[in-house]
Amino acid sequence: MTATADAPAATADDGTAPDDGTGGSEPGTETFYDRFPEAARIVRATFLGAFLAFAVGTTFGIIQTLHRTGIARPFSSVDYYTFLTAHGVFLVLSFTIFFLVGVFTWALVRSLDRPLVNTRFSWAWYGLMATGMTLTGLTILAGFTSAVDVSADVLFTFYAPLQAHPLFYGGLAVFLVGTWLAGLDWWRTFLAWRREHPDERIPLQAFMVLTTTIMWYVATSALAISVLFFLLPWSLGLIETVNPTLTRTLFWFFGHPVVYFWLMPAYLLWYTVLPSIAGGRLFSDPLARVVFVLFLLLSTPVGIHHQYLDPGIAEGFKFVAMTNTMFLLLPSLLTAFTVVASVEYGARVRGGTGLFGWLRTLPWRDPAFTGMMLAGLMFAAGGFSGMVNAGMNINYLIHNTIWVTGHFHLTVGTAVALTFMAATYWLWPQITNKPIYSRQIGLAQVVLWFAGMALMSNAMHAQGLLGVPRRTAEPTYSGFEYGSAFGGYGELNLQVAIGGTILFASAVLFLSNVVLTMGNSRTDGLAETLAEPISGSEDAPLVLDNIRLWGGIAVLLVLLAYALPIVAIVQRGGLFGPGGEAYPMVLDALAILAEQAPDVLVERMPDVLGGGWAGGWP
Amino acid sequence: MGTTDGEQTAAGLLEDPKSFDPKGTLALILVYFCILVTMWVYIYFVEFLGNDLIVVG
Ligand code: HEM
Ligand SMILES: [Cu+2]
């Protein structure tokens, strides 16, 4: 079949793996490790990279929590922003993306039932990702010492006017290229499979990986431009100034779809693994494909919803972004329905009855199952705060408050992170042939994460409604008191701190369990199989598999949503901007206004004042 | 369909999976929907009735 040594000789040449619609098969008693040992090693390496980032990131998480609530401040408030940058970058760029390239590699190879085309190429992208992220990470951590003149306290949203050392951007660029090559690797492997199987439907898991990869290419195009043409030359001193609104807009062009990049591997696991763990079957393969196509189409032309308070962008463009965002709710609602129905099927087959009684028959003692279900439940809660964020008017209520932080600890911090931890309990044995050290600890761990997050995130939401700002080392001000709703600021701080401590304990349990598992010896009999969907790919219209068509439409929608705003931003502020600092821009705008006729002044004054001062430079 | 009115039996579902009618799922989603609506109404009170006007400047 291929030149690589991956597939065992006994099965390498048959090419007749039975096609269950979720993808290939794990015939008989073979684990992924048995069948594709080389790919399994890559997946294991990506997971270990992810866990390292998780360990450092969550440690910083508890430090921040205790600092901003005033409970313990062993470090200076200046260092707070170094911790915060590292927490953000390590968790949402490193942990999530390393884990997801592993999930995608596993899912693609498994569902195509075919090894990667060239394992050395796969190690090359892994090496680039690891090198790039190490550079970026060390540059951030160098901010703790004044011994070297290197720092990158720019937060994970690294747009101007905050500036980092060039190594920060350089490392990110290398990391990004690594992810692009990973996508190329999956596509090449898929095309090789296509030549071997010209008439077959794309297996579901492979379909999910391939559409998400295209979304990633679209999303990261703007980030590459921002880093290579503006931020990196600017921090190297090659150009004097940049246009901050432009770099912000390019960042958020990437910043929304990246949340779906984190989420799609979780969806993949919910759609294709969770039903099997529950003893059920995926309710509908076609519906799953529709969902992934919708995400490809709609993930990117919405990024401006992060900029509702940006003064440099016309309200009309923001309205377009809001409309697209509301459409984007649809695929997540479809997912809620499909996944729950698939699990319900499992419960009914296990003998569950009643309108809600079936819930009792589910395998709640299985940490993989319970973890993923709790993650999904948290996502539903995050859906509510997300709708508040997404509304142009109501966003003003919570913009840049700790509410937003509460929101994304439900989404990326739980729906994604907890799904990844839960999936580890199921996947790790498949990719290593080692049984999990303790499934009881695993179960306790996922429940603790849920409880800790319920406490911390809920209190963050409530504090946000009181107006408590995010990204603030000491969010108290002399001569000012927060309102007393929800128990008041002090009590909510206590909830944040207790929740954060429980979360940290959960993270420690997870990591210890993984380390102890690595000490186990390899055994047989760990192989798990995935069940076929109830309604299989034969029910899905062929056009769904036309990824080129969907990619084309996605690019078109992005052009429609972004061409005019970007032209307007460049026309107004210049490609390289009026300066790297925030407040002269407001002065400029005021100067322009002063020259205009009074009626224009009346029209635009509220925008400039409200946006410029209330919005600031988050 | 393949089952008696209402309850779907395990055996029936295994025999004819497509007869599965996800009623429990529908019920859960309706519960979620009710919670969402309640929260929205609640946020309305927070935004429009909970705060005084803020005058900048
Ligand atoms: C032990 C668990 C965790 C704790 C205690 C924790 C705590 C915190 C706190 C208190 C903040 C707010 C700081 C501020 O705005 O002043 C924060 C920010 C943040 N957290 Fe976490 N977190 C944890 C896990 C996670 C996970 C798993 C993720 C994502 C996968 C995550 C992603 C983020 C991000 C992106 C920010 C925003 C950083 C910024 O505003 O620049 N956190 N975290
Ligand atoms: Cu967004």
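From the backbone N, Cα and C atoms, a Cβ is placed for every residue, glycine too.
What TrEMBL lists as region 'Disordered' is A:1-28.
Per TrEMBL, the feature compositional bias 'Low complexity' maps to A:1-20.
Positions annotated as transmembrane segment by TrEMBL: A:42-63 (among others). Taking Cβ pairs closer than 8 Å, the transmembrane segment (A:42-63) reaches residues 32, 74-75, 83-84, 86-87, 90-91, 94-96, 98-99, 101-103, 105-106, 116, 119, 122-123, 126, 129-130, 133, 137, 417, 420, 424, 427-428, 431-432, 500-501, 503-504, 507, 510-511, 514 in its own chain, all 6 or more past its ends.
What TrEMBL lists as domain 'Cytochrome oxidase subunit I profile' is A:47-521.
Residues 23, 32, 36, 39-40, 42-47, 49-51, 53-54, 56-58, 60-61, 63-64, 67, 75, 115-116, 122, 125-126, 129, 133, 136-137, 140-141, 143, 152-157, 172, 175, 179, 182, 185-186, 189-190, 205-206, 208-209, 212-213, 258, 261-262, 264-265, 268-269, 272, 412-413, 416-417, 420, 423, 427, 430-431, 471 of the same chain lie 6 or more positions beyond the ends of the transmembrane segment (A:83-109) yet place their CB under 8 Å from a CB of it. Among the features that TrEMBL reports, transmembrane segment is placed at A:83-109 (among others).
Annotation comment: TrEMBL describes A:121-147 (among others) as transmembrane segment.
The transmembrane segment annotation in TrEMBL covers A:167-187 (among others).
Marked as transmembrane segment by TrEMBL: A:207-231 (among others).
According to TrEMBL, the transmembrane segment annotation covers A:251-274 (among others).
Under the heading transmembrane segment, TrEMBL lists A:286-306 (among others). Distant neighbours of the transmembrane segment (A:286-306): 204, 207-208, 211-212, 214-215, 218-219, 249, 252-257, 260, 264, 267, 271, 313, 317-318, 320-322, 324-325, 327-328, 330-331, 334-335, 338, 389-390, 395, 533, 535, 537, 539-541, 544-545, 550-551, 553-554, 557-558, 560-562, 565; these residues of the same chain sit at least 6 beyond its ends, with a Cβ under 8 Å from one of its Cβ atoms.
For A:326-347 (among others), the entry in TrEMBL reads transmembrane segment.
Within the chain carrying the transmembrane segment (A:368-388), a Cβ under 8 angstroms from the stretch's Cβ atoms is held by residues 266, 269-270, 273-274, 277-278, 329, 332, 336, 339-340, 343, 362, 394-395, 397-398, 403, 406-408, 410-411, 414-416, 418-419, 421-423, 425-426, 442-443, 446-447, 449-450, 453-454, 457, 461, all 6 or more beyond its ends. Residues annotated as transmembrane segment in TrEMBL: A:368-388 (among others).
The annotation transmembrane segment is assigned in TrEMBL to A:408-428 (among others). Counting only same-chain residues 6+ beyond the ends of the transmembrane segment (A:408-428), those with a CB under 8 A from a CB of the stretch are 43, 47, 50, 54, 91-92, 95-96, 99, 103, 106, 259, 262-263, 265-266, 269-270, 273, 277, 366-372, 374-376, 378-379, 381-382, 385-386, 434, 436, 439, 442, 445-446, 449-450, 453, 456-457, 460, 510, 514, 517, 528.
According to TrEMBL, the transmembrane segment annotation covers A:496-516 (among others). Away from its own ends, the transmembrane segment (A:496-516) comes close to residues 51, 54-55, 58-59, 61-62, 65-66, 68-69, 71, 421, 424, 428, 436-438, 441-442, 444-446, 448-449, 451-460, 463 of its chain (Cβ-Cβ under 8 Å, at least six residues beyond either end).
As annotated by TrEMBL, transmembrane segment applies to A:549-570 (among others).
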In the same chain, which residue numbers or ranges, 6 or more beyond the ends of the transmembrane segment (A:167-187), come under 8 angstroms Cβ to Cβ?
93, 97, 101, 104-105, 108, 116-118, 121-122, 124-140, 150, 152, 154, 158, 209-210, 213, 216-217, 220, 223-224, 227-228, 231-232, 235
Where else in the chain does the transmembrane segment (A:251-274) make close Cβ contacts, counting only residues six or more beyond its ends and a cut-off under 8 Å?
22-23, 92, 96-97, 99-100, 103-104, 107, 157-159, 204-205, 208-209, 212, 215-216, 218-220, 222-223, 226, 282, 288, 291-292, 295, 299-300, 302-307, 335, 338-339, 342-343, 368-369, 372-373, 375-376, 408, 411-412, 415-416, 419-420, 423, 426, 530, 558, 562
Other parts of the chain folded back onto the transmembrane segment (A:121-147), taken as Cβ under 8 Å at six or more residues beyond its ends:
39, 42, 45-46, 49, 53, 56, 79, 82, 85-86, 89-90, 93-94, 97-98, 101, 105, 153, 164-165, 167-168, 170-179, 181-182, 184-185, 188
Cβ contacts under 8 Å made by the transmembrane segment (A:326-347) with residues that lie 6+ beyond its boundaries:
267, 270-271, 274-275, 278-284, 287-288, 290-292, 294-295, 298-299, 302, 358-359, 361-362, 373, 376, 379-380, 383, 387, 390, 534
Could you tell me what the rest of the chain brings near the transmembrane segment (A:207-231), counting residues at least six beyond its ends with Cβ under 8 Å?
104, 107-108, 158-160, 163-164, 169, 172-173, 176, 179-180, 183, 186-187, 190, 239, 242-243, 246-247, 250-251, 253-254, 257-258, 260-261, 264-265, 267-268, 271-272, 288-289, 292-293, 295-296, 299-300, 545, 547, 550-551, 554-555, 558, 576
The transmembrane segment (A:549-570): which same-chain residues, six or more beyond its ends, come within Cβ distance under 8 Å?
211, 214-215, 218, 243, 245-246, 249, 253, 293, 296-298, 300-302, 304, 312-314, 317, 320-321, 324, 543
Averaged pLDDT score, the domain 'Cytochrome oxidase subunit I profile' (A:47-521):
93
